[in-house]
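Colleague: Dropping the structure in here first, questions after.
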Amino acid sequence: MCGIWALFGSDECLSVQCMSAMKIAHRGPDAFRFENVNGFTNCCFGFHRLAIVDQLYGMQPLRIKKFPYLWLCYNGEIYNHCRLKEQFQFDYQTKVDGEILLHLYQRFGIEGMASLLDGVFAFVLLDTANRKLFLGRDTYGVRPMFKLLTENGFLAVCSEAKGLTQVSHSMPSQAKIVPFPPGHFEVFHLKPSGKVESVQLDRFHCCTDEPQHAAYASVQTLRSDFDLETVKSNIRILFESAVQKRLMAHRRIGCLLSGGLDSSLVAAMLVKLAKQEELRYPVQTFAIGAEDSPDLLAARKVAAYIGSEHHEVNFSPEEGIKVVEEVIFHLESYDITTVRASVGMYLVSKYIREKTDSVVIFSGEGSDELTQGYIYFHQACRHWILLLVLELRVPFLDHRFSAYYLSLPEELRVPKDGVEKFLLRESFRGTNLIPDEILWRRKEAFSDGVMSVKKSWYSSLQDHIESEVNDNLLVKDSHRFPFNPPRTKEAYFYRQIFEKHFPGRADWISHYWMPKWIEATDPSARTLAIYKPDKDE
């Protein structure tokens, strides 16, 4: 991941303002650049780079000789940049995938450009010739971007909200920091003063619609009937294509592997395609959990079956509890389920960064939301909203794959005979891509999957919080948090950590996440009456 940061119309000294950009230095360890905009001395770009494609000429803001008035700062990968370059016969100056944005914008305008991008991205595009500024973010918000806009037109943009909290401005009241909406682009008029005025905010793609770039994809024509065998074939074709296009990288590729259905399908397809592409190295897979956890045991079986170079990361409840504060700081959230589930991801990511040379990491994230895989969905209504997460390479959130899956009749997509993700499982039956016992392994709650069968992460976490927060403290300090007041000791524990790092920013999350389709007072699946953990895994 890279980090983007930009200011337009700053009233304060830029040499002081740019210190805020260093708050996201962890996003780009390879290089950093801070650059003023010609003719607008109070406008600037900051960029932290993690080099994935074109390590020589990929520094940003990206500018090319053909369009000297365009300035581009973006975070993401554009998987179809080579195909579009060939289709429209663009003359490239670099090998950077993001250069395609400049050519598409010049040819088709901002909406046409955004609609043709197959990938994950957050961008800031400045056109000084026409005094226009554009922001945009991919359909699912896989790449993050936040903005701060004051009433007098000062705009600040960053990959993480923490990079904007200390940005100075001349307005008397605190300006809100808000996430840029996924699947949208925004147009600003750039004034001579460097300040901006928003003139348009529109959606360029809806997740249920076939994307415009599908017309130029390698997989172009699919049978359109809903015969079950046709549907299963289409799912396999689009899933393989989703993994294939994400092999684009000049750095080593790895994959998270929990031993569940989703990560196992991704890892198996990745290893299969890596062999076909004749990668110079074996694909590394990474699993995390206690030594006797169900996830570790299942992941071990999958890794042996597909032939990956497998790594296991053992962690204890004590190690998880120790990093909770770091997790909250990086998440910029105090949401209960988000914090709980992110601890394991944080620890395995830390291991990958410190102990291996894998940089591009595949993941099965997004499948549960897309295919109604959570246990809550057994009683979900038929119309549901896709949840938005992620910063990895996530094939299940591929534009074409997800649009096709969501277009299917509801009776095909819902759980069947008590089995969640039935259609996805059925689509890979008999392919021998993964072992049958993994293909039909039921969904594990994170707390049960990664920890010992003797005691879950959820239980260990509750015991620790019980010792840290007493009943009197919860009642006494309830007035401290009028917005989203914590109702449980766990919520209070996370909230006080959040306020320590981001005071007065509680509105960064609008509400605590809770399943809507059943009665629940806690977001953990293990608190549900229908939940029965597998103890014989």
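Quick reminder: no glycine exception, Cβ is built from N, Cα and C everywhere.
Note: TrEMBL annotation is automatic and uncurated.
The annotation active site, for GATase activity is assigned in TrEMBL to C2. TrEMBL lists D97 with the feature L-glutamine binding site. What TrEMBL records for L256, I288, S363, G364 is ATP binding site. Among the features that TrEMBL reports, domain 'Glutamine amidotransferase type-2' is placed at 2-191. The site 'Important for beta-aspartyl-AMP intermediate formation' annotation in TrEMBL covers E365.
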Colleague: Write down the Cα-Cα distance for E365 (site 'Important for beta-aspartyl-AMP intermediate formation') and L256 (ATP binding site), rounded and given in Å.
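Modeller: The Cα atom of L256 (ATP binding site) is 10 Å away from the Cα atom of E365 (site 'Important for beta-aspartyl-AMP intermediate formation').
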Colleague: Around the ATP site formed by L256, I288, S363, G364, which additional residues qualify by having Cβ within 8 Å of the site's Cβ center?
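Modeller: For the ATP site, the extra neighbours are C255, L257, S258, S263, F286, M345, V348, I361, F362, E365, L392.
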Colleague: With every protein chain in view, how many other Cβ atoms are within 10 Å of the Cβ of the residue listed as 'active site, for GATase activity'?
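Modeller: The answer is 24.
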Colleague: ATP site residues L256, I288, S363, G364: biggest Cα-Cα distance, Å?
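Modeller: Between the outermost Cα atoms of L256, I288, S363, G364, the distance is 14 Å.
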Colleague: Indicate the candidate from D97, I288 with the smallest number of other Cβ atoms within 10 Å of its Cβ, considering only these binding-site residues.
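Modeller: Across D97, I288, these binding-site residues, the one with fewest Cβ atoms within 10 Å is D97.
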Colleague: Let's check the environment of S363 (ATP binding site): how many other CB atoms sit within 10 Å of its CB?
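Modeller: The Cβ of S363 (ATP binding site) has 25 Cβ neighbours within 10 Å.
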Colleague: Measuring Cα to Cα, tell me the gap between E365 (site 'Important for beta-aspartyl-AMP intermediate formation') and I288 (ATP binding site) in whole angstrom.
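Modeller: The Cα atom of E365 (site 'Important for beta-aspartyl-AMP intermediate formation') is 15 Å away from the Cα atom of I288 (ATP binding site).
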Colleague: How many neighbouring Cβ atoms, not counting its own, are there within 10 Å of the Cβ of G364 (ATP binding site)?
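Modeller: Summing over all protein chains shown, G364 (ATP binding site) has 23 other Cβ atoms within 10 Å.
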Colleague: Rounded to a whole angstrom, what is the C-alpha distance between the residue listed as 'active site, for GATase activity' and D97 (L-glutamine binding site)?
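Modeller: Approximately 14 Å lies between the Cα of the residue listed as 'active site, for GATase activity' and that of D97 (L-glutamine binding site).
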Colleague: At a 10 Å cut-off from the C-beta of L256 (ATP binding site), count the other C-beta atoms across all protein chains.
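Modeller: Other Cβ atoms found within 10 Å: 24.
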Colleague: Do me a favour and check the Cα-Cα span between D97 (L-glutamine binding site) and S363 (ATP binding site); whole Å is fine.
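Modeller: D97 (L-glutamine binding site) to S363 (ATP binding site), Cα-Cα distance: 21 Å.
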